[in-house]
Amino acid sequence: MASTVRKCQHLFLALILIPLIYCMHPDCVIQLEKEKCMERMAMDDPSSEPELVCRWMWDNLTCWQPAKIGQVVWMPCPELFEVMSEENDEFGKVSRNCTEDGWSEMFPHYVDVCPFNENGTSPDMYYVSVKALYTVGYSTSLVSLTTAMVILCRFRKLHCTRNFIHMNLFVSFILRAVSVFIKDGILYAEEDSNHCFTHTVECKAVMVFFHYCVLSNYFWLFIEGLYLFTLLVETFFPEKRYFYWYTIIGWGTPTICVAVWAVLRAHFDNIGCWDINDNAAIWWVIKGPVLASIMINFILFIGIIIILVQKLQSPDIGGNESSIYLRLARSTLLLIPLFGIHYTIFAFTPEDVSKRERLVFELGLGSFQGFVVAVLYCFLNGEVQSEIKRKWRSWTVNRYFAVDMKHRHPSLASSGVNGGTQLSILSKSSSQIRMSSLQAETPAT
């Protein structure tokens, strides 16, 4: 029963926490256990319990608790082997006997009862591969989102509440990608594992910024769903006033949550670089709002699907049943990356799916999600494409006339006046000529 409950907890945590934190490196697992054991050894007082001849001991993998002479102590396999093993591997226990000379040799040995994947990729290579994957993903998202932001800012005809919300979502994705790169640069600046217990203010500030960016990203995904739901439900509503509250929710709420988390962490769990969250109560300050936004977005997602079905079946729209379901499926595919509904997939994944596969799947989707959103809501947007085509035609026409004028009037081209000034002079001259001709053709009253 206990193992079943633990598996359910692991599945739930995978659904909620994997998008927010990275998996712990094996070196960090060992150092964390070592630090805990050293704290126990420092607090140990042999005079308080003299019958315990064998005291606390760290054997580089397991922390052995005090024991009496003749007592056999059994310990489970170290957590390190769980990181290096497959999901369905079974773990045994190792033991040591307390003798007059101290602890005996271990029996059985770790290699006999603690399985690990000998033929698979080494942990270092695995983490290098995962890091390379999300580095490519976030880099691609960063470039595409920056380009999309420039396009939406450049064309005034695209300035509306809907696109302003899209732009804030793009900014949240950009900040998330930047925070990941900054975090990796600070925590993994060197090839050793000192990052596991970095205590600098700089490192903690980076983690605060990282959690703020991730939380803001989730809230702007929530804002996108809320705006679309409101747009479908209400015929008329003040978009500007709503956008003001959207901005407060999207950027203000994460600020409050992260600030509370940082204060609690500084006073009650000020350990390491704040990248390991052992205190579940404090971690709920970050995890709770994320969970709430995902669940509310899921409800909005279902509501929008129902409303879309009703609207697409309206006689005012027309179309047969097959085209209705085709358009509904297309709308659904566009909504999925917006709402982050794909994170709920792991609630239904079987237990035989390994942690590594789920981690790669999550990191892959999470890092490329910004790229997908930029493509769907900017590059494939009909209004954006029309504005880009109009700007391209205008530029080609102006360039054609500039080149044509240089060939017809070489004296103007060599007079030191630039092409743009030449065009403006010619445009003014032609306007004056047309005006004078119109005045001449107009009969006097």
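Cβ atoms here come from the backbone N, Cα and C positions, even for glycine.
In TrEMBL, the feature transmembrane segment is placed on 132-152, out of the ranges 48-68, 132-152. In this chain, the transmembrane segment (218-237) lies in contact with the transmembrane segment (284-308); the count of Cβ pairs under 8 Å, excluding pairs fewer than 6 apart in sequence, is at least 3.
For the domain 'G-protein coupled receptors family 2 profile 1' (36-118), DSSP puts the residue distribution at 18 helix, 21 strand, 44 coil.
Here the transmembrane segment (244-264) has long-range neighbours at 165, 168, 172, 204, 208, 211-212, 215-216, 219-220, 222-223, 226-227, 282-283, 285-286, 289, meaning same-chain residues at least 6 beyond its ends whose C-beta is under 8 angstroms from one of its own.
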